[in-house]
């Protein structure tokens, strides 16, 4: 790695967010409101169980209540939606997280869209996506929001830059593209059908990897001085970026782990606290 | 213009669409349903009045009923929304078109979003945008859908191509980008803050101009052999593309007028007929 490369420390960004959140949680409690995140885990995928546990622990450390709903793998779409509706109607619950992926037989989109928009703190609903794309979402998808938060924390400019996003999923590639666009980046969205991917990535002043393939983004593709944000997290604790090789050329890069991941969780907590604050105002 | 350049004839595409629609309108009428589009014009902008009249005439020629709502320029957002809600509740109305731009004092987004999603045949609602972005909208925005329809009519390939979209509005640049992406193009979205616009446009196998500035897209920017789609319509009957110069290099290009425009209107009619068909099925 070049000694000049800035390591974008997700832990530092998330700690900064959490310190501010702790104050807000105290203020809410003084007013009789304890922010509460309900997490829903369907089935027994070990990775998903770990994620849910991490989010629950993160809540606990900040004094946010977490309510764990665990449903068996054979849960139907209708049963899952019924569970979500119960949480929608429960005024003690401020945010709802449906851990994904859900088992294949479930209509994930229908389940996401059953979440009331005012409790969609993970930013997964169809309506939430377009509110974010149009620049007025209360709760943008957490990983895209985390990527922007990291750039803002380190004062890395977005406006006028060429951002290349690799991936086009509804909760990552598409929303982060819209957020970068709304911050006045020129945005190129790539995917599995993109020709000459390396040549396109090489144009990126900002490169966002959201492809779900370990070490997929090659060092030789990176424009010298680019900012590289790795939203991937694959088996063996590796991201979507070939870290060592990309860090050689990047001016700034997120590691995996301790890059985008912790900030994503902190963003989820931030949205939960904001959702609790909104119940006071309304 | 190169003699090899294919002129993408919007009139031919829209006539093809309308022939198919005429049959469907007959079938609907035989079942006792006359498709009906309600158009709302606020104020007395002459261009807007012309557009509404063109759309009404197009309905009439196909046997689609058009109901014209004309509101005075001083109409408030609340009054406009009340008028829209009345149309939402009117079972004889299948589609609602709010002609834009509306006067500045009106909250256009709130007005658009008052349109019931099942009557949003112009594809302007916030929810409709994300349904389109996720690939399951009943009624994508008409101009983006027209651009795709033109490419399909002429069997111009989209998958694997690099599409460059200039413009990022909620009803044109953003949705057409998402539609091209969903058709497996690599998509670059440019705008007023884009640096080196010419260099970026020069990469486009497909160039979509949606910027609202007359003759803005220069011939020298166009990659030889590119397909150029001009969604602009500016004073003096000119598009966003410097047509003569761009046609020299493009392999295919839409003229202005008689390019994207007529297909946009035909798409609006198509959506209205589909909305009427859905009331039979439900």
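Backbone N, Cα and C atoms are what each Cβ position is placed from, and that goes for glycine too.
Predicted automatically and left uncurated, TrEMBL annotations should be read as such.
Take the CB of residue A:169 (NADP(+) binding site) and look out to 10 A: across all protein chains shown you find 16 other CB atoms. The NADP(+) binding site annotation in TrEMBL covers A:167, A:168, A:169.
As annotated by TrEMBL, domain 'Tetrahydrofolate dehydrogenase/cyclohydrolase catalytic' applies to A:8-122.
Taken from TrEMBL, the feature domain 'Tetrahydrofolate dehydrogenase/cyclohydrolase NAD(P)-binding' covers A:141-278. Broken down with DSSP, the domain 'Tetrahydrofolate dehydrogenase/cyclohydrolase NAD(P)-binding' (A:141-278) shows 56 helix, 24 strand, 58 coil.
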CB neighbours of residue A:167 (NADP(+) binding site) within 10 A?
23
What average pLDDT is reported by the model for the domain 'Tetrahydrofolate dehydrogenase/cyclohydrolase NAD(P)-binding' (A:141-278)?
97
Sequence gap of 6 or more, C-beta under 8 Å: which same-chain residues meet both conditions with respect to residue A:168 (NADP(+) binding site)?
A:174, A:177, A:189, A:191
Environment of A:167, A:168, A:169, the listed NADP(+) site - residues of the same chain whose CB lies within 8 A of the CB centroid
A:165, A:166, A:170, A:172, A:173, A:174, A:189, A:191, A:210, A:211
